[in-house]
Amino acid sequence: MAERKYFGTDGVRGKVGTFPITPDFALKLGWAAGKVLATQGSRTVLIGKDTRISGYMLESALEAGLAAAGLSAAFTGPMPTPAIAYLTRTFRAEAGIVISASHNPYYDNGIKFFSAQGTKLPDDVEEAIEAMLDEPMDCVESAELGRASRINDAVGRYIEFCKGTFPAHLSLENYKIVVDCAHGATYHIAPNVMRELGAEVIEIGAKPNGLNINEKCGATDIKALQEKVLEVKADVGLAYDGDGDRLIMVDHLGNKVDGDQVLFIIAREALRAGHLKGGVVGTLMSNMSLELALKQLGIPFVRANVGDRYVLEKMQEKGWLLGGENSGHIIILDKNTTGDGIIASLAVLSAMVQHNLSLNELASAVPLFPQVLINVRFAGGDNPLESAAVKAVAAEVEKRLAGKGRILLRKSGTEPLIRVMVECEDGALAQQCAEQIADVVRAN
């Protein structure tokens, strides 16, 4: 695979007004994508966005570029990333474009593409778009220019799709649910899905103004959700991130239920129903208690690198249907082609209703081990992880943990940092071991 000049692991992302998140680059990117995709078949591309104010600027620039290349754009308005994956498939569009920086602050944004199948673009198509970006821009004849249209029923279509994943014989009647939409793309969808399934819904983080996405709310900051759940005596709280591909839950006692626990609940329910194909994919950061809990059920578990892209790649490699991260990316491939916060929350809620159990009771099967993370800065040059002393102390700590914990030493890909993570049932022991390793890393 050729080295990427513009595309990262999740499309193009950065600070608005700074290359590559500028109107002129978005125009050129739309044109380059249009030139490549025009040779593929259909001549319409879906464009969705989250609620950042810069989305207006970027969608207009992308549409102009696509039109110049002869492709039409169909706008969905604010829409979760997984909704664009779904709608691209059902509209039989040539591709889907999402304008979002996920859980980042409002002043960041990004542009990523879905294929006609609602999956990541094939490498050869991405490489062709990159090559086209370095070509001079041209314009098709006037009669061949693309058009722009708006999909007025996109929200309703996705709401019905989400509801369709919830068992028809079950209802959320008598459940009080607090929904935190992070002032993001789920604000007009998630609360309505829950209401239409019978729940009493209290909304927070559902008044986007273009500048407040992910600000002290959503999956990356659940304090407000925890307080609201306790205040209104709700059964459960749901927190999504800005583009709706992450889910963190809160039980009726105000406790956080993270992606690892959500993943286990869904896996156990799929096993009971006979729907679990193969095993579960987690990441290097997945809590050891998840691995042990799955093992008790006889469910295979493997770890991918951190990042939902790598989880998905491992799932496809193994032919498995379920994977996720402790940060709340949950991928259920027999329901959608990418991580989907609303779909994941409905899977957990259906387990609660089916067995008449609280979220606290369901999550108690995975009592998370304390994780201690220490970042150690080094002076560049040799990688401390290659030193004999670091390898020796790592081996010593592994032996001390005796299979009841684990260590993870990683070199940052962006800074001169070594990340030291120790995890075990005994939090004090984890802290002690992490500091022991960090001291040796600093000395080397």
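Using N, Cα and C of the backbone, Cβ positions are placed for all residues, glycine too.
Swiss-Prot lists Ser102 with the feature phosphoserine, giving sequence analysis as the kind of evidence. Per Swiss-Prot, Mg(2+) binding site is recorded for Ser102, Asp241, Asp243, Asp245. As annotated by Swiss-Prot, active site, phosphoserine intermediate applies to Ser102.
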Inter-residue C-alpha distance, Asp241 (Mg(2+) binding site) and the residue listed as 'phosphoserine' (nearest angstrom): 7
DSSP-derived class (H/G/I helix, E/B strand, else coil) of Asp241 (Mg(2+) binding site): coil
Distance [Cα-Cα, Å, rounded] between Asp243 (Mg(2+) binding site) and Ser102 (phosphoserine): 5
Residues near the residue listed as 'phosphoserine' in space but at least six apart in sequence (CB under 8 A): Asp10, Thr81, Gly110, Asp241, Gly242, Asp243, Asp245, Arg246
Other CB atoms within 10 A, centred on Asp241 (Mg(2+) binding site): 33
Asp243 (Mg(2+) binding site) CB neighbourhood, other CB atoms within 10 A: 35
